[in-house]
Amino acid sequence: MSNEPDPLLMNQEPPVRVPLTFERVVAALAMGALCLITLGNVFARYLTNYSFAFTEEFSIALMVVVTMLGASIATAADRNIRITWFANMLPPAGRRVAEVISSLAIITMFGLLVWLGGRLVWDEYRFEVTSPGLGEPQWVYTLALPLLAAAVIGRAIGHLVRVWRARKVPKHESVEPI
């Protein structure tokens, strides 16, 4: 056993200019609302034999919000998915290149989500698509996807700037020691 603390368990705040407070608070509120909706639906189903099927629309929209906010937080905190074994074998210049490529891939992927999600929102607005359960405009639910994907892009750009300015690219710890 090592005497060093596990870096994955340490509460380290990432060096970001825009604090992660907004994302964390909204994600916590969305998860709380999701839990309350699900709990209410379960109680109603077992106590009254009546299911609140219409709440599924809210649940799905909240799951998208939580997922995108989690991606934004992970990107800002430099906790995105990576293959650390290969990256740590690279020299410092190679690790920097790998970090830049990773950030550019994130920006590209979420840029596509902004573009395609924006087109989907526009189509749903233009064709007046309504949700199946409540009959509300569907674009209201879909709007979270391109907006929060843009937030992830902002966090990825911030990470890219930090990597670009850093003198030393840190080695990332593996989840499981090899």
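The backbone N, Cα and C atoms fix where each Cβ goes, and this holds for glycine too.
For reference, TrEMBL has these:
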type: TRANSMEM; residues: 25-46; note: transmembrane segment
type: DOMAIN; residues: 34-165; note: domain 'Tripartite ATP-independent periplasmic transporters DctQ component'
type: TRANSMEM; residues: 58-77; note: transmembrane segment
type: TRANSMEM; residues: 97-118; note: transmembrane segment
type: TRANSMEM; residues: 138-158; note: transmembrane segment
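Counting Cβ pairs closer than 8 Å to the transmembrane segment (58-77), the top stretch among 25-46, 97-118, 138-158 is 138-158. Looking just at the domain 'Tripartite ATP-independent periplasmic transporters DctQ component' (34-165), the mean pLDDT is 92.
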